[in-house]
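S.K.: Per Swiss-Prot, region 'Disordered' is recorded for 1-21. Positions annotated as compositional bias 'Basic and acidic residues' by Swiss-Prot: 8-21. Here Swiss-Prot flags K116, K422 as N6-acetyllysine, drawing on similarity to another entry. What Swiss-Prot records for G216, P217, P218, G219, T220, G221, K222, T223 is ATP binding site.
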Amino acid sequence: MPDYLGADQRKTKEEEKDDKPIRALDEGDIALLKTYGQSTYSRQIKQVEDDIQQLLKKINELTGIKESDTGLAPPALWDLAADKQTLQSEQPLQVARCTKIINADSEDPKYIINVKQFAKFVVDLSDQVAPTDIEEGMRVGVDRNKYQIHIPLPPKIDPTVTMMQVEEKPDVTYSDVGGCKEQIEKLREVVETPLLHPERFVNLGIEPPKGVLLFGPPGTGKTLCARAVANRTDACFIRVIGSELVQKYVGEGARMVRELFEMARTKKACLIFFDEIDAIGGARFDDGAGGDNEVQRTMLELINQLDGFDPRGNIKVLMATNRPDTLDPALMRPGRLDRKIEFSLPDLEGRTHIFKIHARSMSVERDIRFELLARLCPNSTGAEIRSVCTEAGMFAIRARRKIATEKDFLEAVNKVIKSYAKFSATPRYMTYN
């Protein structure tokens, strides 16, 4: 198409077009642009949000929540007279122990308290405490002037015993445990059924089993099942390693066992898991030197707490060991450990399931034959199969690949199962189980 204007005139028109000044938007235009894309009730919602922010600001100013840079409230909000009165009314209390209650059934009972390393006093109750709150042998808080009882105190528990309580639930569930289907069912019958359906045992007139012994070769899933139980139940879970109860001084281990069960009785329902119980539960014998006397005292205290004169209450006890033949017969008898669950080596189906569990969190090929891998790992424990999966990932990392192939798993089987066979202690433990 011919250009009738000419190249020079067209260039001049384009320059005039570019030289037009850019007009800035005024406030009205900006407000109009902000309304684009808003819903019908946007203005009302914005107004309500502004009102809420203003109210929160006023509340914070009145309550003094917003503090200054020094970490203190503004001086205008200080109330020194009230603070002084509070300090005078709430004096620090002294810890004592109520040893005896005189005339407990009368309207004006008296309490004999023993202040440690000081003296004994016969005192009254303050107005804040009811007579039913105080029992003989209980620790109480008394004031320093009249020695009146102000508050009942919880029993004294060693901090090392308190730290054995598991606060956070483990992330292991029953679906993460492979090759232990029968063992998990037996464990749930003892632990979960009495807590969730106690009426079944009441109707039959029997007491549920209160103690379980988990035994088997290393790496078969004993501790893993206990972690799954802790995740499943809402009861308090306390984990104790047997060697923690072996103390330096005489009587310390027995005292820790006593305080452990005392703390467990304060809970609504409690599970105590003793791992490696053969550290303190070995059969008693006299070696002539008396080196194991303290360990035997600890075990005797444990035996007494499991089934002694005092009732155990709603406390379930789980114990795990690799050597059940070394445990004391008094610890193994029914009433203390009612059920013995053996964790044997997983079969072909169990090994295949364990491979799938560990491969679930890995980047692997889709067509890996896990049953073939399980057949190549006879008499292997779950821990060894987990090591195979880890080594397969290491082979993939060495080859700079993002996924693990079946070849990596086969090489890992040759390395872990075949090469490390001389380090395996499973056959040795199988002779004892």
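Every residue, even glycine, has its Cβ placed from backbone N, Cα and C.
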S.K.: Identify, among the binding-site residues P217, P218, G219, the residue whose Cβ has the fewest other Cβ atoms within 10 Å in this structure.
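M.R.: Minimum Cβ neighbour count within 10 Å, taken over the binding-site residues P217, P218, G219, occurs at P218.
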S.K.: What is the set of residues, excluding G216, P217, P218, G219, T220, G221, K222, T223, whose C-beta falls within 8 angstroms of the centroid of the C-beta atoms at the ATP site?
M.R.: L224, N322, F343, T381, G382, A383
S.K.: Here are the recorded positions: K116, K222. Which has the lowest count of other Cβ atoms within 10 Å?
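M.R.: Candidates: the recorded positions K116, K222. Fewest Cβ atoms within 10 Å: K116.
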S.K.: How big is the gap, in Å, between the Cα of K116 (N6-acetyllysine) and that of G216 (ATP binding site), rounded to a whole number?
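M.R.: Cα-Cα, rounded: 49 Å.
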S.K.: Around T223 (ATP binding site), how many other C-beta atoms are within 10 angstroms of its C-beta?
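M.R.: Excluding its own Cβ, the number within 10 Å is 18.
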S.K.: Return the count of C-beta atoms lying within 10 angstroms of the C-beta of G221 (ATP binding site), excluding that atom itself.
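M.R.: There are 25 of them.
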S.K.: Using DSSP reduced to three states, classify K222 (ATP binding site) as helix, strand or coil.
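M.R.: The residue in question, K222 (ATP binding site), is helix (DSSP, three-state).
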